[in-house]
Amino acid sequence: MLRRPKVSPELDPSTLSNYGDFIVHKTQLDLAVDFDKNRVSSCVSLNVTNRTNTHQVVLDSSYLVIHSASINGISTPFDVAERQTLGSKVTIKIPPEMKISELTITIESETTYECTALQFLPAEATDGGVGPYLFSQCQAIHARSLFPCFDTPAVKCPYEMSVTSPYPSVMSGRPLGVSGNMYRFSQPVPIPSYLVAVASGDIKSAPIGPRSSVYCEPLKLEVCQHEFQADMEHFLQAAESLVFKYEWERYDALVLPSSFPYGGMENPNITFVTPTLISGDRENVDVIAHELAHSWSGNLVTNCSWEHFWLNEGWTVYLERRILGKLHGNATRDFSAIIGWTDLENSIAAMGPSAERWSMLVHNLKDGSDPDDAFSTVPYEKGSTLLYHIETLIGQEKFDKFIPHYFHTFRYKSLDTYQFIDCLYSFFADFKSVLDTIDWESWLYKPGMPPVKPDFDTSMVDQCYQLADKWYHHSLKNKFHKFSSEDIKSFTANQSVVFLDTLIAFDKLDFKWKHHLDALNTMASVYQEYSKSTNAEVLFRWYVLQVTGHNQEYYSRLGEWLGTVGRMKFVRPGYVLLNKVDRSMALHYFEKFHNRYHAICKSMVRRDWDLIKTK
């Protein structure tokens, strides 16, 4: 049974604005970067229609200093409310004599030290060390700390943007040109505020396809170009064959400095990605398939609120794996899904009691909770598994016809779960009885794992499990003569990830690797390529396995490596593990490298340690 709201799409509870009173036609956003003060000033103009004849405009803000506000060129009084979890309301009075409904609302503001959307890096925290660097991350509700706005995915409009900076700059739009230190961009496709992005620093670019370039610090330009140029256009063409023509003109990627704490962000026209994708073996570039898929799911068709985040991420993971299937075969698609299923199990288990709230597909944020609190693997993996299940019931050939229909229907729009389901039932009217077999109540509202597990092709994962089991049983006997480097010679990086994850998981049972150091040392001798790997996903797990087994020579190796990455996926569990085996060493390396980390990353590591101390 569906718990339908009275109106769809339902209102976004994570904005303080009165966005429902206005139609936003266009936004002009002009930014200026001050690297001396680590501040960004903004002038934003919203062209709107006052559809309800309201007497005030209420915008979202957070940690901003508001300098002025005007409507249709007339200076207007404004009020900034006290900050709460979701920020501070900015209320601008519409002059009573202003009877027209077409308004241009202009606000000048400046960020503060507490801005959650921006990260300023000193030169020493960049890879090249030439100068400072700035990048933004506005998802989910951090755009309001960069400029006042209707900060909700329910509001989408075209943008004209500029940034003035002493260093080369990019934004989430099509480059229009440079005038002195001013870089101008246009985004004609309607986007929500969370997709506004800016980066500025020692940035160069190189082509990686007929409609793609990679941007990064000059020091890494050649290796980044090599990593992406063989696959980028293939990804684009595979995605277009699934949905429809790519609408954003260019698909570029910005590889950020090592201190970037995230995996990637699907900013339109220029995806921001972690440098840990650059492995030298092109094994991690499949991550680009995910960010590219966002060009349709999330960017073109958007969840109306963060309660329905699975519509963005579930669809994106589904499309990502379909792209991989087209390029590498269905066994690869299912292999990725199996890894995702395991990640989902681990994620829900790690939630503890909070899984009762945060492991359901449709969230309830109506109590004013921060959407970041709800962030997990659930919308990605549980959402994509639901779509896989629907595809299985309907049949892939028939479901493939629904994909472009869905994205055409909601193109440029924001929707909720119920509109998706209505669209599904409308398109498959002849399959109503089949769709009715889906336990929508459990899929959407019940916590825990999905009610149905697809019948995945396990051929690629079976090899990993079999080798791991072999090591387990031979470790018990202390006999290792049957292993050689040939065991893993044909493994992809992801297969090595599964193999190592399986070995690590054994330690959670009665078996403990610290009692089998001979096995770990033999493994290091036989599989020498793991210690030499440039693939962050593989190398991290290799270190985790060895340190979990109290192989002390790897403690300092892990500690030094944590100084070369800033991605929280590795940094947080890396320090937690090091802290468990040698707290003084963990503190030493954190003190040595903490200035290289993002502020959020530093605070999360400290929080992790506090949790450990209070257990």
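Placement of Cβ uses the backbone N, Cα and C atoms for every residue, glycine included.
Just one of E247, E249, E313 is listed by Swiss-Prot for the same Zn(2+) site as H290, H294, and that one is E313. Distance between Cα atoms for E266 (substrate binding site) and H290 (Zn(2+) binding site): 9 Å, as a whole number. Of the candidate binding-site residues, Q139, H294, E313, the one lying closest to Y380 (active site, proton donor) when CA atoms are compared is E313. Applying an 8 A CB threshold to same-chain residues 6+ apart, the list for H290 (Zn(2+) binding site) reads G264, T316, V317, E320.
Other Cβ atoms within 10 Å of the Cβ of E266 (substrate binding site) number 24 in total over all chains. Around the Cβ of G264 (substrate binding site), 19 further Cβ atoms fall within 10 Å across all displayed protein chains. Looking at Y262, Y380, the recorded positions in this record, the fewest other C-beta atoms within 10 angstroms of the C-beta turn up around Y262.
Closest in space to E313 (Zn(2+) binding site), of the recorded positions given as Q139, Y262, E291, is E291, taking the CA atom of each residue.
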